[in-house]
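According to Swiss-Prot, the features are:
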MOD_RES   SER2  N-acetylserine
MOD_RES   THR55  phosphothreonine
MOD_RES   SER172  phosphoserine
MOTIF     175-185  motif 'Nuclear localization signal'
Amino acid sequence: MSILISPDNNTGWGLCSAGMYGGAKRRSSQHPVRVRGHYRAPWGAYTRGVISRRTTVDDVIDSVVADAQRYTRPVATSTVDSVIDSVVANARRYAQRKRRLQRRRRRPTAAMTAARAVLRRAQRIGRRAMRRAAASASAGRARRQAARQAAAAIASMAQPRRGNIYWVRDASGVRVPVRSRPPRS
């Protein structure tokens, strides 16, 4: 008598009693059940010339599809909460930017204001000289003359002037520096 053992793919193979008990008719302590008498390849190892139609790309596609099927949308957040959060974040960012700007800005020293005034005056004189020269002479000579006059103005401004500086209140009551001595009243 032989027994049909059917694995999950139902190919099956027959075992007679001689194969089952090592040649004995019944099982005994001398003839225990024989589990495996030789190497057995795993199921699906020998396909008898049938070539697998699947590739590694198919596996990747299957995994992507499985991930997409398992995907659940995140719980919708309250729009009021999100608006409040964004307003708070923007306010913090604005405060940080303002703090950074305040740290960077320094009050100009007297030397800086004087240098700025010298530069402004030299530019004004240079522009005036350029206009004057352009009206009367050729452009090349005018440019050279204007440059010469501007250089002279800068040099004269750079030299320290003699004389005292007096602080006088103007019409609005603000104290301003003046070189000429105010009249005694």
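Just so you know, the numbers here start at 1 and follow the chain as drawn.
Glycine is no exception: its Cβ is also placed from the backbone N, Cα and C atoms.
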**Study point:** Rounded Cα-Cα span from THR55 (phosphothreonine) to SER172 (phosphoserine), Å
**Key:** 90
Review point. What same-chain residues lie close to the motif 'Nuclear localization signal' (175-185): Cβ under 8 Å, and 6 or more beyond its ends?
Key: 161, 163-169
Study note, to complete from the structure: What DSSP reports for the motif 'Nuclear localization signal' (175-185) is 0 helix, 4 strand, 7 coil
